[in-house]
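*Asks:* The structure is given below, and queries will be raised subsequently.
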Ligand SMILES: Nc1ncnc2c1ncn2[C@@H]1O[C@H](COP(=O)(O)OP(=O)(O)OP(=O)(O)O)[C@@H](O)[C@H]1O
């Protein structure tokens, strides 16, 4: 059994099931302890020709054997089979329900965690929490409750029966049990630590495998398969070592249990035999006593298993609790307002931003205003802070009060949900889901209208490519289906954002992988999106030169804001960048013609 902040409530929540299981357990244990009495009757009946039934002595005849021993035995067996089935169903159901609920809770919490968390915790590690650790908790919850109560109940009832038969023999039999409990709890503590190490080793292995699969193309291109293989082998060896250590401790615990059982049998045979010799016990009573002891062998084993399971469960629960305790850094402040219809005005006021845990300010004293319906280009050298700027609008990170405004309202006074709902975003990596193209484009809607999907695809100039695929819009992308080119990926991602029809459209370097002609078509289509505020991050000035306004960033500072011609005339750094890019383009053109 495990206890902890995130598990205690499930004992209460599943109380009806657990109580029914416990009732079945009591039934089984009660009947199980009737069996040694039947042993005694058979042995004594065979030896003396008489049996004592319900306090009455009678001759041991065939009728007595059938009516008083065999028939009750059949009922006992049936009751035990039914009881065992019932308790298993009850405890297993309660455990699976707990696992399912905990998994939902974990997923719900994970979706609210900020980028910071995901930068530290890798996917492989998170996956092992959802699989290995939850499995262990489930096992510990169901089997743990069962073992705990079974060990307590059956153990206690059997000990009472043994005590009634002979006090000293029972005391002698229990000495090794005390020893087992003391050593077992010591080993249990070591096992919690080792299980945590084992789970961590498994997580590292999963992280590595996941990253290798994701980067398989790079590994092959750099011919680093052997380097990866060796690194994998090293992690796998560490995983093996910790598993071996854990198994050694667990085996030691099992050996101790066996040692206890064997030593108690020695005590019973030795001292019990002496009692028979003294005439204080008859043969039937000794067999009955051994029968009771056999009944507590399972509880003793259960104690050992309970120590092991609880150790594993505690370690896994600690790991899961770490996820559930992870602080949600980006969240609505109390009283935050929903903003129903964003008009699209965005204002930065002396905003300075440093990434959590970062060593320097990535954005410095940034100020500018974007009016509703304006089309704005954001340019600057790589690392200038362009993506950070749009991440702040999308509330991926927290900003200080009074520095960022949407429709003249401080972004911190608005709900994150409503701000994000008002924005359509094309991320720099144009991530697509392993799903059909249609569902990727219509991602914002539960049921996307096919004609709207096609319209969005046409605006993003990818419709012709899609209908060329054998399954058209039903083509499955990613791991389970076809792989699209970088340019197609970008355009499907643009179509997804256009389909959302949000008042603010943010494109982060989203036309970098398409040729100039396609870029022009997409930009012309974007021009038709009147009424929408558009933020387009680009490296090529030619991509944004026709925009209403350009924000020129350099090393986290806004160097200039205005239309292209104005910036070219007034900002020297901007002019230099434009001239350099023109020169590069001309050189490229010259090389192509040659
Ligand atoms: N999560 C992060 N934690 C710490 N620093 C970060 C993080 N993300 C980005 N940075 C740093 O912030 C700076 C600005 O990064 P940003 O991605 O905004 O630049 P960018 O102008 O969009 O660059 P690019 O054009 O290459 O996409 C960079 O120096 C980068 O190293």
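Note: Cβ is positioned from N, Cα and C throughout, glycine not excepted.
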*Asks:* Given 226-251, 252-277, 330-355, which one carries TrEMBL's transmembrane segment label?
*Replies:* 252-277
*Asks:* Would you please say which range out of 169-192, 193-216, 361-384 has the annotation transmembrane segment in TrEMBL?
*Replies:* 169-192
*Asks:* Among 126-144, 145-163, 392-410, 411-429, indicate the range for which TrEMBL gives the feature transmembrane segment.
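*Replies:* Transmembrane segment, as annotated by TrEMBL, spans 145-163.
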*Asks:* According to TrEMBL, which listed range is transmembrane segment: 49-72, 73-96?
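*Replies:* So the range that TrEMBL calls transmembrane segment is 73-96.
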*Asks:* Relative to the transmembrane segment (145-163), which of 12-31, 73-96, 169-192, 252-277 accounts for the most Cβ pairs at distances under 8 Å?
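*Replies:* That would be 12-31.
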*Asks:* Averaged over the whole of the domain 'ABC transporter' (346-580), what is the pLDDT?
*Replies:* 90
*Asks:* Who are the chain neighbours of the transmembrane segment (12-31) in space, where the CB to CB distance is under 8 Å and they lie at least 6 residues beyond its ends?
*Replies:* 76, 79-80, 82-84, 86-87, 89-91, 93-94, 97-98, 101, 145-146, 149-150, 153-154, 157
*Asks:* Are there residues at least six beyond either end of the transmembrane segment (289-307) with Cβ under 8 Å to its Cβ atoms? List them, or say none.
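*Replies:* Hits for the transmembrane segment (289-307): 1, 32-33, 35-36, 39-40, 143-144, 147-148, 150-152, 154-155, 158-159, 161-162, 165-166, 169, 173, 177, 180-181, 184-185, 187-188, 191, 253-254, 256-257, 260-261, 264-265, 268, 272, 281.
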